[in-house]
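Participant: Below is a structure I'd like to ask you about.
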Amino acid sequence: MVFTAPCWVPPLPSDLPDSTTLEEFIFCQVKDSQTRSELDRSILICGTQGREYTVQESMERTGRLAQGLSAWLNWPQKSPGKDWKVAAIFNVNCVDFFSISHAIHRLGGTISAINASSTADELEAQLRLSNAQAIFTCNTLLKIAMKASQRVGIPLANIFLTDAPGSYRPDDVYPFQEIDNIVRTAKSSLPLLQLGRGQGASTPAYICFSSGTSGAQKPVLLSHQGIIANIVQINTFEKFRQKGPNISLCILPLAHSYGLVCVAYSALYRGDRLAVLPSSGVEDLLSIVEKLKINTLYLVPTLVSRILSGGKAGRHDLRCVKEVYTGGAPLHPMLGEHILRHHPTWKIKQCYGATEAGTAVSVTSDCDLWPGSVGCLLPGVQAKIVKSDGSETTKHDESGELWVSSPSLAIGYLSNPLATKTTFTVDNTGKTWLRTGDEVKICLSPNGNEHLFIVDRIKDIIKVKGFQVAPVELEQLLLSNDFVEEVAVTSRQDEGEEERPQAFVVRSQVGLEEPQGAVAESLHALVKARKARYKWLHPHVIFVDSLPKTTSGKIMRRALRNMSPANSEVNSRLSSKI
């Protein structure tokens with residue numbers, strides 16, 4: 001049984017461009033659609049320094065940067081081919097992310113987007129995997145970038161800074177090139193790159209790394225056409241709600257496909273003004289929202305929780321906020337209810353996707369909000385649910401692994417044909433299906449629309465005496481206890497070598513006032529009263545100061561499972577290194 005978008009969703013245009021770069025598709029389209037009075041309206045806003053760029057200013061900055069980099073790196077402008085050029089952006093969020101990306105694209109190159117929280121070892125590994133030959137970074141990350149680049153053989157001359165003068169210098173010996181200086185001294189502007197027919201689908205615009213929550217990180221190749229397709233899918237789905245330009249906030253890492261595609265590029269394509277902000281404290285975030293009167297927030301569940309804790313949101317005028325999108329990890333229904341209690345006018349929407357899918361697969365619609373679901377399928381997306389025996393589901397409410405086909409699918413994994421073949425399956429009609437690894441079910445809402453519900457990661461399912469236990473099910477129950485701020489459930493063997501659900505708990509303020517033993521007893525009693533015996537927790541509840549998470553908010557269960565049994569005491573604490 002193949003599932004598609006609801007009938008009321010407009011169809012996806014059949015003529016998606018296959019010879020157009022991202023920059024040309026988005027900025028030229030926005031520029032052409034602007035009226036004379038809108039030409040001077042900024043579309044990019046730096047949330048920290050206040051700098052703003054119009055479409056024309058952004059494209060001019062990109063062209064001059066491309067010309068300067070071409071001369072500095074000896075990278076002539078030419079269509080992508082065997083001489084593949086890759087530059088890494090290892091930086092906090094900044095408006096120059098787009099100038100750098102599009103400048104490298106004009107040279108026929110690809111951007112490897114690397115998370116700013118990476119250590120030198122992690123950065124080294126990702127530079128090697130992506131074959132990067134240059135790095136764009138900032139003052140605060142320069143030492144890490146230097147260490148990793150020296151290990152992989154990237155010359156110091158190929159490290160570029162996005163910050164103003166006054167940056168870190170090792171003994172003031174090496175004069176690192178700064179983006180502003182390259183733009184200022186460029187003698188001309190390099191034009192847009194003209195791709196040949198079909199090159200949009202075969203040319204990687206970005207290398208984004210999969211989350212690595214259930215294994216080693218893999219470099220995912222996202223093509224120009226694939227990203228364009230996902231942008232069009234999202235905006236086609238949302239067309240009926242659009243009422244003119246919006247102001248959106250991008251605080252999620254641009255190195256992650258959720259922040260890059262769903263937030264930034266989709267907002268720019270809509271004609272929104274996009275405020276770009278590095279990851280910062282909640283107070284700074286809320287101050288920017290209040291100051292710029294941000295209408296749409298794109299968050300991850302952990303950031304939502306931080307905003308609501310301690311009454312922080314109540315100290316700011318947030319009446320400008322109309323809707324909040326969450327993605328990257330499931331939003332617990334109780335957290336959604338908490339938001340609506342404090343901000344009843346906000347529309348809470350979830351979206352679901354994967355880097356390998358080109359990002360978004362489903363989004364919540366204004367016309368059918370259903371708490372707990374991650375929305376309806378986007379136009380152009382086909383989905384099927386495959387059970388453990390290999391058969392497809394034939395009705396609603398049956399769970400299994402989600403397989404997705406979409407024009408936005410990634411090209412595959414870089415230099416890993418085995419992983420690509422395993423994850424991207426081609427059927428007997430020649431159609432490619434992405435095996436997501438997520439256990440899901442599709443249910444009919446009271447309004448008659450098909451909604452996607454995430455059950456859990458298949459690899460995270462716990463098997464107890466032959467029965468399957470979804471960690472998310474227990475986590476949602478445990479979160480209903482007032483003593484719990486956050487919780488993660490993984491598997492652990494008991495004394496009889498049987499798997500049992502193991503709870504890792506971050507206590508709330510109320511919970512911190514109670515003895516750990518009393519909190520543990522309360523949690524055991526709750527599960528025993530509400531769940532079947534095979535779902536009962538392992539006797540030891542592990543209390544931690546924080547849960548290890550990816551930047552998108554996903555709990556890193558693998559890190560929790562790797563904790564040694566010696567640490568599995570009621571009063572144990574997670575190492576600060578996790």
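Using N, Cα and C of the backbone, Cβ positions are placed for all residues, glycine too.
Grabbed the feature section from Swiss-Prot, which reads as follows:
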| type | residues | note |
| --- | --- | --- |
| BINDING | 210-218, 350-355, Asp438, Arg457, Lys554 | ATP binding site |
| REGION | 281-350 | region 'SBD1' |
| REGION | 351-413 | region 'SBD2' |
Participant: For the region 'SBD1' (281-350), report the average pLDDT of the model, please.
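Facilitator: In the predicted model, the region 'SBD1' (281-350) has a mean pLDDT of 85.
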Participant: Near the Cβ of Gln350 (ATP binding site), how many other Cβ atoms are there if near means within 10 Å?
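Facilitator: Excluding its own Cβ, Gln350 (ATP binding site) sees 25 Cβ atoms within 10 Å.
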Participant: Excluding near sequence neighbours, so keeping only residues 6 or more apart in the same chain, what lies with its CB under 8 A of Gly353 (ATP binding site)?
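Facilitator: Same-chain residues close to Gly353 (ATP binding site) (Cβ under 8 Å, separated by 6 or more) are Ser257, Tyr258, Cys262, Gly327, Thr359, Ala360, Val361, Ser362.
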Participant: Show which residues of the chain containing Asp438 (ATP binding site), separated from it by at least 6 in sequence, have their CB under 8 Å from its CB.
Facilitator: Ala354, Glu401, Leu402, Ile454, Val455, Asp456, Arg457, Ile458
Participant: Taking the Cβ of Ser210 (ATP binding site) as the reference point, list residues of the same chain whose Cβ is under 8 angstroms away and which are at least six residues distant in sequence.
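Facilitator: Same-chain residues close to Ser210 (ATP binding site) (Cβ under 8 Å, separated by 6 or more) are Gln217, Lys218, Val220, Ala354, Thr355, Glu356.
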Participant: Just give the helix, strand and coil counts over the region 'SBD2' (351-413), going by DSSP.
Facilitator: 3 helix, 25 strand, 35 coil
Participant: Under the DSSP assignment, what numbers of helix, strand and coil residues are found in the region 'SBD1' (281-350)?
Facilitator: 35 helix, 12 strand, 23 coil
